[in-house]
Each structure stands twice: as C-alpha cells, then as structure tokens.
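Structure first, commentary second.
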C-alpha cells in the first residue's frame, strides 16, 4: 500500500480553502447578464468558450492534491445543482465559497465546527420555507419566455422559442435541442407519437417525392413476435382488404416470405400495407408496444398472454387518423384510443418515474409520457461557427432546464434579490448557543454573495448596490443588464424557485462538511528518481576494462 500524506487542523483547512477559491473564482466570473466568458482548452479541436458554470467547474483539476480535494468538493456542489434543477450552478458555487470562507474564519477563531454547521443548516431550512412562501406560479407563456431569456444569458429569441415549444407540446411534452443547419434558430414540432423505426422495405413508399409512406385512417397490427410465415397473417390481411383500409404492421421483425408477400400485395394494389420494427428492446419494447396499443385503441398480439396471430380480428387492431413513415421514423397521428385509457397509462408511467433509480431510465420514461400526452418539439440551434454552436447549445439546454424548473415550483425575483429578502425575513433566527448564532450569520451573509458577484461582474460597487436593494422591499432589486433599480418581476428578471432552492441547499450541505473537516489524507507523490541498479552494474564493467 502506498504511503500517505496526512494534514490536520488548520493546515488542512487552509489548503482546502485555497482549492475552493481557485475553482470558485474561475466559475463566478460567468455569473449574471454581464458575466465574462471562460475559454477551455481541449486536447483536440478548437477551444470551447462558455458561460456555463458547471462546464467550467468540470474542467478544473489542481496539481496539489490537498487543494484539489477542496476544488472537487465544490465541483460536487455545481454538479448536484445541475442534476437537480439543470441551472443555478454558478449561484451554488458562489454561495458555497462564501459559506466555506466565513465558516473557516469562525473555526479559526475557536468556534465549535459542529455548532456552526447546525446553525448554517437551521438558517438554510428556514430560508427554504421562506423561498417557497415568496414563490409565484409560472404558468403563462410570457413568464416562461422571461425565465428562458434570463437563463440563456439574456437571449430573448431563445426564451421565446422555449415558450412557444412548451405552448405547442404542453408542459409534459419532450423538448430536445439539436444542431441546426443555418444561422437562425428553428422550432420543429412533431404532432402525435413518433418513434425511431423506419419502413422495412422501400417498396412500401407511396409518396416518391418525399420518400415517405403515408397511410390514411389505417388499421394498426401490433405483434410482440417475429413474423416470417405469411399464413399466420392471412386472416387479418383478408379482413383488412374487405374493410378497404390500409394496414400498418408493427412487430419485432417481419422477414422472409412474409415481407415479400406484403410487398407484392402492396405493389399490385390488393391491400395497402407497410411494416416497421417495434421500437426499443426487451422489456422496454413490450412497454412501448403497449403504449402504442393504448394510443390507438388496439391490443398487442402476444403469445405470452395466449393470443395467436391467426386468430386476430379487426377488433384487436388499433386505428389512427394518419401514419407517416420515412426511412428513420414512424409517426402515428391522432390515435383513436380512449382518453381515459391514455390518462391511466400516463399515470402508471409517472409512478414508474417516481420509483426510477437511474437518470437514463427516468429520461426514457419521461419520453414515453410525452409521446402519449403531448408531442415532441425540437429546437434547432443556428450559429455561424462550431465554437459558437457548442456555446449556444449549452445555453439553450440550460434555459430549457430552468423553464421546466419554473413550471414545476414557480418563480421568485431574480438577480439575487430573493435570497436578500429571505435573509432579512429570518434575520431574527436564533440558535441554541452563541456558536450556532454565528453559523446562522454565516449563512445569512452568504445569501448576499450572488447579488454582490452579479454587481461586481458589471463593474459596479457591490456594497452600494447591496445596501440599496436591502433598503427596498418586495421585488425591488437591481437590473444588472440595464444598470437600473426597479421591480424585478415587472422587468422580467425571474429565477425558478427550484434553482435558487437547490443552489442554497447543496452549497450549505457541502460547505457544512468542509467546515467540520479536521484531517485530510492523500497519497504521497511518487518519487521520479531513476533506478540505480542498472547503473551500478555498468560501473563494474568499466573496472573490468581497466584490468585488461
């Protein structure tokens, strides 16, 4: 086992604080509408330019291992805030730095670290309750656009696009961000349910100009098996041909003579058919087939529940107003499924989201809800260069997370004002002893830090602005973009409550752990001294040369 380097008490805390400051100082220059950019070098390709706090934090590794431990712990604050609310990473870092700096000063002055932590936790718990009381629901498009604009660093077009997307697909709909092809940002909305499987044969195409298959009012056969024998399908095909409607087959696979016969029937015009593979794999495929069945009012033909394809009737088939299939995607528009059944299915998937443990599972389940409940919107980000595209895409994703958080828990006045108001409301909070009171004061002082940093990044004097804002009440604050005072809500400067709450809670959590740190252990650096064994042998040979 490698030897360890151990530091105790103040030595450990000073090193840790140095690491915290390096990371926090790099991150906090990005805060606010006049925050600066940070350029990140990449091992290949052009450097990345960003104003996203968590992107900056993730790049930082320090040479000194003790300092690096401090930096990594604050990086955790930014990552956690990002995971919880998708934004507020810089605010969380600024809060953490302030609590750690003031807290370690108090520890150095002889305060009890555990009581300090209890005081900080008490203040944060009270602040969270006050934040919830200040929160205003965010339901209309205007407020959503304002939140998106603020989070995208005052880019109004992004805010409007996100509001429009939410308007079209609903609050539950899936909104994805992709690279655009031009200079302008675009919004594409996919109505109905779309999944990423295309036609199994190009011979199904009936719209050569678009290279797509379009079926009007088709029957939809859903089978949880491979279909290779056409005999299994004859009863269904005959029934559909009599009804004079087209047929869409969604199965695990359609191959061999079954596919060949379907193609021949389609080309001869006997019955209009198209076949696609079912989306997903394994259990997820079964679940998605069931989703499609619910949406279209059909039944999944599955041998697991004793159903056979030969015995399927028209009653087992789903129906939709229209289906469009191209080489990569299938879109089912206006399924005839009952609204109550669809809502029941959505509620069931929501329950699974609550219980999901992995982010991947949660994301896939949310996509399924969206496909059943609303639709899918795609924001295509336009930019002149790849570097700008990366930076802008990151901003749009941030803004999207922020607007979702705003819809979830409401909004408070932005620009650091909400935390100032909360701090003034809990200013009389008292702990059980003097050390806890100091902890409460540390947390209250930290709540001013985001406003001060926003003002500092504007090139103004933080203390003057902070005192002026404290002197006002309600939503009165400082608009850093225009450098004027006024009602933040009226000026459209809003922060999602969830973002502010998460930033404060995660900052206090990690800061509390760091204040109560008494010892740090790391591996000793390996010495790079050369191995002298080989050199010694060579010396001996030289001696032998002298004897000859």
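Backbone N, Cα and C define each Cβ position, glycine as well.
Quick look at what Swiss-Prot lists:
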BINDING   30-33, 51, 87-91, 415, 479-481, 495  ATP binding site
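Feature map: Swiss-Prot annotations on the structure.
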residue	record	Cβ neighbours (10 Å)
30	ATP binding site	22
32	ATP binding site	27
51	ATP binding site	21
88	ATP binding site	32
90	ATP binding site	28
415	ATP binding site	27
480	ATP binding site	25
495	ATP binding site	29
